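Per TrEMBL, transmembrane segment is recorded for 12-38, 90-112, 118-135, 147-172, 264-281, 301-322, 329-353, 365-385, 406-423, 435-454. The domain 'Major facilitator superfamily (MFS) profile' annotation in TrEMBL covers 16-458.
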Amino acid sequence: MGHLPQRQFKPINAFIIVVMALGSLAYGYSASVISTTLAQPSFYTYFNLSSRPNENDIIGLMNSLYQAGGFFGTFTVAFSSDRWGRRAGIAIPGALVLVMGALLTGSVNLTMFIACRFWAGWASYALVSAIPVWMSEVVPAHNRGSLVAVHGASLLLGYCLAAWVGFCFWHLPASNNWQWRGPMILQCLPVAPLLPCLYWLPESPRWLAIQGRDAEASHILKKLHAPDEAEHELLQIKAQAEIEHRLDSSYWALFTKPSYRKRCILAFITTVSIQFCGPILINNYGPTIYKSLGFSVTKQLLYQCGWLTLAFGGGLLSLWVVDTMSRPVLLAGGITGSLVCLTIEAALVATYATSPESLAHPNESALQAAVAMFYIYIVIFESALDSGQFVYLGELFSTHLRAKGISFGVAGVNLINIVWPQVAPTAFSTIGWKFYLVFIIPGMAFATLIFLWFPNTRGMPLEEVAELFGDEANHASAQVVDKEGDSKGRGDRLLSVREPDTAGAQKLSSHHEEVISV
């Protein structure tokens, strides 16, 4: 008996996702607030940045250490989420985001600010890794793509708000340190209501089933789905949980078992290839890029605000786009479209914004076209990739591996982004437009790889995705069979779990057979 879309969705699903989206918004704001901070005159004055000979290196360090902290933070998610539950995996980094926001705001010297950026990255990336784990395990399969895409749209709202808040505070006098402290403290705002709300939100029924807490899992499923669908889902989850409870869920198994290792490779390539589109450079150094094109400070900030506002619009568009096509087509198409925009951008900059003559007599139309390319780029990127990658990561891994698997995938984002922000200031000032080629050439190769060889997981129940990787032994299925002598066609739901015998053949395990009247 398959999952019926009309029986899966209940309004409480949407409510839970909206509440959890506060955590996504907190990450987006925290990750993006540095872009407008680096355009605030008071920030440079307070830390004496302009007078330092290593100014570019320090700015790069502020960004790369945030990513380095995120790299380590993602690996803490698996421990807390698997040991204490998915809600705990969200609460711990959420509390740390709150603390780091306050400490960044109160930083009294550059060392303190840079150190807090490391821990803010740790907390934010742990939070952004934990949320899709919980979302993927709570929302119904048919609506999973759209509902989990709320995660991506919400973090984009955080980006957008950070830009506009920075622009508003820029109007304060340059002598007022709240010009940069004000936007910093506001990153605490989204997690402040999220943390108490976690008490009333349900734990993941899949995690509860793995812990042997079937009654609690059943109670939560009946709240999340229609009764018949909840029963159907519980049968699958219980059978799968019984199997996965006996499976090795260590990091060692993640890399030594071929089917697990394949999922890790897919997750890592997915996130790394998307970062080769260069979103962090435009997000973190947007005002700097617009400055190199000759625009005033006001326009630098406004263009960044407009770019991030369009990013949020693209995130909303992804709620519809993400479930309209297969995952490989979505990801490969998004990467290709984004890189085409970067190619045109590089050509415009090379032609109209590099030579002394072009800078002395700027072609305003060409420079506006360069800005437009960034705007088209972000709509494509956000409608297909930012949400799409989290949906895909959540679908690749079984319940006992999901926290570790998503953390590993997000760590790929951090690993690449440790490098890009650190080298970007120097690269833009030395090789200019050629820096875009570092993204365009490998990125197109990744897009081809994803399109040709990555599996499609769209619309599949999480318990059935294992079949794509050759793990039939770990697959639980539920079906309705007719009861003998029942003239009305009523049936029993037979839950069968297939396990390999010693000869490698498949057989029906009587130990895992359960019949429930329907």
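Backbone N, Cα and C atoms are what each Cβ position is placed from, and that goes for glycine too.
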The transmembrane segment (118-135) touching the transmembrane segment (406-423) per 3+ Cβ pairs under 8 Å rule: yes
Local confidence of the prediction over the domain 'Major facilitator superfamily (MFS) profile' (16-458), expressed as mean pLDDT: 88
Winner by Cβ pairs under 8 Å against the transmembrane segment (12-38), considering only 90-112, 147-172, 264-281, 301-322: 147-172
Proximity of the transmembrane segment (301-322) to the transmembrane segment (147-172), 3+ C-beta pairs under 8 angstroms: yes
Tertiary contacts of the transmembrane segment (264-281), as residues 6+ beyond its ends and Cβ separation under 8 Å: 63, 67, 254-255, 289, 331, 334-335, 338-339, 342, 378, 381, 385-386, 389, 392-393, 396-397, 405-406, 408-410, 412-413, 415-417, 420-421, 424, 436, 439, 442-443, 446-447, 449-450, 454-455
